[in-house]
Amino acid sequence: MSDAAVAASPRRLRMTVIGPILALVLLVIAGALMNPNFLGWDNVTNVLARSAFIGIIAVGMTFVITAGGLDLSVGSMAAFIAGLMILVMNSLIPSMGAGIPVILVGMAVALLAGLAAGLLNGILITRLGIEAFIVTLGSMGIYRSLVTWLADGGTLSLDFGLRSLYQPVYYGGIFGITWPIIVFAVVVVIGEIVMRSTAFGRYCAAIGSNEQVAKYSSVRVDRVRLMTYAALGLLVGIATIMYVPRLGSASSATGMLWELEAIAAVIIGGTVLKGGFGRVWGTVIGVLILTLIGNLLNLTDFVSPYLNGAIQGAIIVLAVVLQREGKART
Amino acid sequence: MKHFVSGLAIAAALAAPAWAQDGETKVIGVSIPAATHGWAGGMNYFAQATVDRLEETYPQLDFVLATASDPAKQVNDIEDMVATRNIDALVVLPFESEPLTGPVQNVKASGAWITVVDRGLSQEGIEDLYVAGDNPGFGRVSGEFMASALPEGGKIVVLRGIPTTIDNERVEGFQAAIEGKNIEVLGMEHGDWNRDKSFTVMQDFLSKHPQIDAVWASDDDMAVGALGAIEAAGRDDIKFVLGGAGMKEMIKRTMDGDAMIPANVTYPPSMISTAIEITAVGLVSQAPVSGDFIIGSVLVTPENAENYYYPDSPF
């Protein structure tokens, strides 16, 4: 999988792998003990579907971070794309009628806008050589105020008829498994394969661990970097396609702090923040841990809701400590 | 969008240097938080609309409207208004009480009239006029409706806003109103006045409690999230969801007789208009306008919903 992990002692390998899984298992056990409904089918599908937005984005974020980059704009990008999608679909109803074609156009708009936004970030970072942190901090502000502007400070709502037609994309599914979960799973499987067994995945890790060496090894550093941002943008588009049918609206509060949740999930999952090593399945564990904490806190009256943030923070740090602990000892 | 553009035009026109004022013209500065959520969006809309109207009505008045995305920016805005426009009156909806108290006090010291809207300053006696909604009253009216809509009593869940004094006052008012009415509050969680957060909180309430009679969402954005979760779960034990603040889509549904949304409780963002209008009256006339102006929270039902429906407002 990774040279770093293979070269390490067995114990170190075990701890970095087991750490996040252990944290997840502990959370699940705690949840099952505290509330009998926790492992019920409804709750499990709720949690998985809820994880899908951040999860799909976090898979893309794993590649960006592995290649030594960062993207702070994904949350507001999602809000902007959601707003754009709703505006386009609403405006097409008079000419195309409220039917499937309008929804398909809406989806295409989301994918194209996502791809374009990702490419824009990537081009500014690679061609102009500006720090990813600064570029995406800037675009974060730009998309956030664009969606506020589009919504005139209020909320953009999808036409009611269209919304009921579109709703099955979030609530429907096959064999009781809803679409967001299926799409999330497909994205994860593709991400895992790309990260592990393609040249692209290895290039990302190479660039993240040492850009100069990668360059001398004839890796087209800028192009690979650009592609990670473009892919992330596309995945934000996909996440938005799943998000819009849920409540059929977008406002300036949409996607608030998604970027930090996605980054946190990636790091909890064992990807190194400064790049060089990434693990897609770990990211999935990270996303599930984050979502489960919120879910558990809602299902129990154990702690004052004022302390939710503190509990979340503590568990995030703990999950990372669990895996770093192993590294420190070797 | 239109408002944004006209806002820019006004901002540009107002950016003219101070020499443009003669002895006759008086300047009113309006400083409000930016449109970061639905209610604030409505407030921005009403502020802009009122400024447009008053500039036309009173040629001797000039307005400076600034929206701030955080308290520090708001302090800068206010300092700029004093330094470059020499304002005669300031209408301010403080982002947060503490950080704005000092700067507003400085404006007061410069001799300007101070109107504080909705969120009080942390020191009393600075403002000449205080215009605010009635948060304990908001909770009380909501609680009274809940008690009357569940005459036999029942089990409810509560979605709370962002942990603030506003939220605490509302919840206390609500709890006092339902006391002794046989209404059991199964759980209270913070939905942060946010649709997505409220959707997930409501989903979890539904998993946790097999029987819920009603939801006090305490805000229309949170009500939208809660309704989405209830609809998706296909639960029919919940008789209704009571939101609040009077979002136009929700008022419309009450007006149309939607059984899930039988009522609303107002907390009008247009209170900023009240504040600006009264301040303008104080500057152009002899009428005394100092004091407190508390805008009551009113119960909106299908019968009177029409009076509270503003289709042009973004909220």
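Using N, Cα and C of the backbone, Cβ positions are placed for all residues, glycine too.
TrEMBL labels come from automatic prediction, so no person has curated them.
Copied from TrEMBL, the annotated features are:
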type: TRANSMEM; residues: A:12-35; note: transmembrane segment
type: TRANSMEM; residues: A:47-65; note: transmembrane segment
type: TRANSMEM; residues: A:72-93; note: transmembrane segment
type: TRANSMEM; residues: A:99-120; note: transmembrane segment
type: TRANSMEM; residues: A:132-151; note: transmembrane segment
type: TRANSMEM; residues: A:171-194; note: transmembrane segment
type: TRANSMEM; residues: A:226-244; note: transmembrane segment
type: TRANSMEM; residues: A:256-273; note: transmembrane segment
type: TRANSMEM; residues: A:280-297; note: transmembrane segment
type: TRANSMEM; residues: A:303-322; note: transmembrane segment
Long-range neighbours of the transmembrane segment (A:280-297), counting only residues six or more past its ends (CB under 8 A): 20-21, 23-24, 27-28, 30-31, 34-35, 38, 43, 46-47, 50-51, 54-55, 58-59, 61-62, 188, 191-192, 195, 261, 264-271, 303, 305, 308, 311-312, 315-316, 319
Recorded stretches the transmembrane segment (A:256-273) and the transmembrane segment (A:303-322) touching, at least 3 CB pairs under 8 Å: yes
Same-chain residues near the transmembrane segment (A:99-120), Cβ under 8 Å, at least 6 residues beyond its ends: 73, 77, 80-82, 84-86, 88-89, 92-93, 139, 143, 162, 165-166, 169, 226, 229-238, 240-241, 244
Recorded stretch that, among A:47-65, A:132-151, A:171-194, A:303-322, has the most CB pairs under 8 Å to the transmembrane segment (A:226-244): A:47-65
Leading contact stretch, A:12-35, A:47-65, A:171-194 vs the transmembrane segment (A:303-322) - CB distance under 8 Å: A:12-35
Candidates A:12-35, A:132-151, A:171-194; stretch with most C-beta pairs under 8 Å toward the transmembrane segment (A:47-65): A:171-194
Residue numbers, six or more beyond the limits of the transmembrane segment (A:171-194), whose CB comes under 8 Å of its CB atoms: 41, 45, 48-49, 51-53, 55-56, 59-60, 62-63, 200-201, 235, 238, 242, 245-246, 280-281, 284
